[in-house]
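Below is one structure, written out as structure tokens; the observations come after it.
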Amino acid sequence: MALRDVLLSIAQTPHRLRRRALVTWTPAQELNEVRDRSGARMKRRLEWYDLVGLGVGGMLGAGVFVTTGRVARDTAGPAVFASYVIAGVSALLSSFCYAEFSVRVPVAGGAFSYLRVTFGEFVGFFGGANILMEYVLSNAAVARSFTDYLASTFGVTEPNAWRFIVDGIAEGYNTLDVPAVALILFITVCLCYSTKESSMLNMVLTVFHLLFFAFIIVAGLWNGSAKNLVRPHGLTPYGVRGVLDGAAIVYFSYIGYDSASTMAEEIRDPARALPVGIAGSVLVVSALYCLMSVALCVMLPYNEVAISHIRISETAPFSSAFREKVGWRWASSVVGAGASIGIVASLLVAMLGQARYLCVIARARLVPSWLAKVHPSTGTPMNATIFLGFCTASLALFTELQIVFEMISIGTLLVFYLVANALIYHQYVKIGTNRPLHVLLFLLLLTLSSLGFSVSRKIDWWCRWGMALFGAISIAVTTIFHCTARQDITGPPSEWSVPLMPWPAAASVFLNVFLITALKARSYQRFGIWSLVIIVFYVCYGVHSTYSAEENEIVNAMVHHANLDNS
């Protein structure tokens, strides 16, 4: 591109932003015109049971093995199971929103596509870029925990025994994890080969992992003592606030169910399979997470997790608890092997989903279009899979877990918050007969009242009255909207929709705002930096790429019509 063209594009940036930032696409365009930009189409080879396996496999192993010990020790105490309940309810409500959108817009773009067809190109890109960041960071974190558990399988208790420490690099980035990189590269090759075969591999791994979960729960409860739930400082040593703060952190555990929605293009019966796979997997995993956290806390007091003299590793608390507290050294190896299998399954599903997100963002021309190409023989987005595999492996090689935990949660919660808002707007405005202002005013009041409720919790002298006031306002505005908004029949009877709207989506908005405000200041700082990167990239590249492509399409259409008229 000539310098003159670059300068002209920069000068036209405000005009192009006005033209492109709020432009929306219809579901029909996403399903046909946009999807065709990938060349070959993804193959519809998955059934409903594949989706259930992918949903369960994508969540199991990521959170409970990585976050439970840390949250129990530092944030929630033995009541960490209650944190999982709160996070699970929020995830279930969000999963309902995802399920309806995935039925209406059965493409591989997930939250990116749902937000783009509702709120426009910029909001879609902002949400899609955030969820991509979540995937890459969480996958890198989980891959590093795989090294801990694999080492414990062979009786190695030193957390960094299988890593290389390099002098001269900043602390937190100087511990090189080669096994994590090898695992990511292996999974990348598998995903490039075939989606169906990857799903079958995930199903086998998930079945074995469920057996390990059953073993841990039964053995932990059998060898534990209920007294450990209330000692040394009671069930909630950090108070209710600690339980709520813990819920925001363990939300990391539920990254994965939205991967199932990215399989929509590869499902033979999306209307039946997607609701079952997305919402059903959240219910199953929530129950297992609660039981697993209880099993850990009955085996040892919460304040002994990660204490150095008994060498219970923060990232592998279950293996260490069996070895040091129960005395089952063989059980430690079994748990390490089971956790390793589960982590492989969760990585497989998450990396499957992240490639499809990037593929559809590339279809929209917001990133280079070569990332959108689907390989004609394998039916997989090979370029996107390889690119993100390299990015994930690079992070896993250098970056410690603590650096990414809370940054992962805030981005995920924000995207789920946006999807819940989008479902209300899409159902009542895009395919209904309501005025946009009416719906937008409701969403604004709901968000503000949710924010007021959350902030009140942090102000001691205002806590009780503020929470009661803003909670009542949230219920009141939702009731008024429910009574005044018109909700028409929005689709054929075969389509699945969220029942009792707008209450589930409104509750999802409320809980996501609540959990976001429970995070620490550092997570906001890191999220702010990433958001700035997203905005700068969109302004400098995305808006110009989509604008130029639109202009070229208009010119080509005019030439095509002129040729038809001349003939």
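Backbone N, Cα and C atoms are what each Cβ position is placed from, and that goes for glycine too.
These come from TrEMBL:
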DOMAIN    496-545  domain 'Cationic amino acid transporter C-terminal'
TRANSMEM  48-67  transmembrane segment
TRANSMEM  79-101  transmembrane segment
TRANSMEM  113-133  transmembrane segment
TRANSMEM  176-194  transmembrane segment
TRANSMEM  201-222  transmembrane segment
TRANSMEM  238-257  transmembrane segment
TRANSMEM  278-302  transmembrane segment
TRANSMEM  330-353  transmembrane segment
TRANSMEM  403-425  transmembrane segment
TRANSMEM  437-455  transmembrane segment
TRANSMEM  462-481  transmembrane segment
TRANSMEM  527-544  transmembrane segment
Exercise. Establish whether the number of Cβ pairs under 8 Å between the transmembrane segment (201-222) and the transmembrane segment (330-353) reaches at least three, counting only pairs separated by 6 or more residues.
Key: yes
Quiz item: Does the transmembrane segment (462-481) come near the transmembrane segment (437-455), with 3+ Cβ pairs under 8 Å (pairs 6 or more apart)?
Solution: yes
Quiz item: Do we see three or more Cβ pairs under 8 Å linking the transmembrane segment (113-133) and the transmembrane segment (238-257), pairs being at least 6 apart in sequence?
Solution: no
Quiz prompt | Segment-level pLDDT (mean, integer) for the domain 'Cationic amino acid transporter C-terminal' (496-545) | solution = 86
Quiz item: Does the transmembrane segment (176-194) reach the transmembrane segment (330-353), going by 3 or more CB pairs under 8 Å (6 or more apart in sequence)?
Solution: yes
Self-check item: Beyond the flanks of the transmembrane segment (238-257) by at least 6 residues, Cβ under 8 Å
Solution: 55, 57-59, 62-64, 66-68, 70-71, 75-77, 79-80, 82-84, 86-88, 90-91, 95, 98, 134-135, 138, 278, 281-282, 285, 289, 346, 349-350, 353, 405-406, 408-409, 412-413, 457, 514-516, 518-519
Self-check item: Distant-in-sequence neighbours of the transmembrane segment (79-101), which means Cβ under 8 A and at least six residues beyond its ends
Solution: 68, 71-72, 110-111, 113-114, 235-236, 242-244, 246-251, 253-254, 257-258, 261, 274-275, 278-279, 282-283, 285-286, 289-290, 293-294, 296-297, 302, 416, 419-420, 422-423, 426-427, 496-498, 504-505, 507-508, 511-512, 515
Quiz item: Quick one: DSSP breakdown of the domain 'Cationic amino acid transporter C-terminal' (496-545) into helix, strand and coil?
Solution: 40 helix, 0 strand, 10 coil
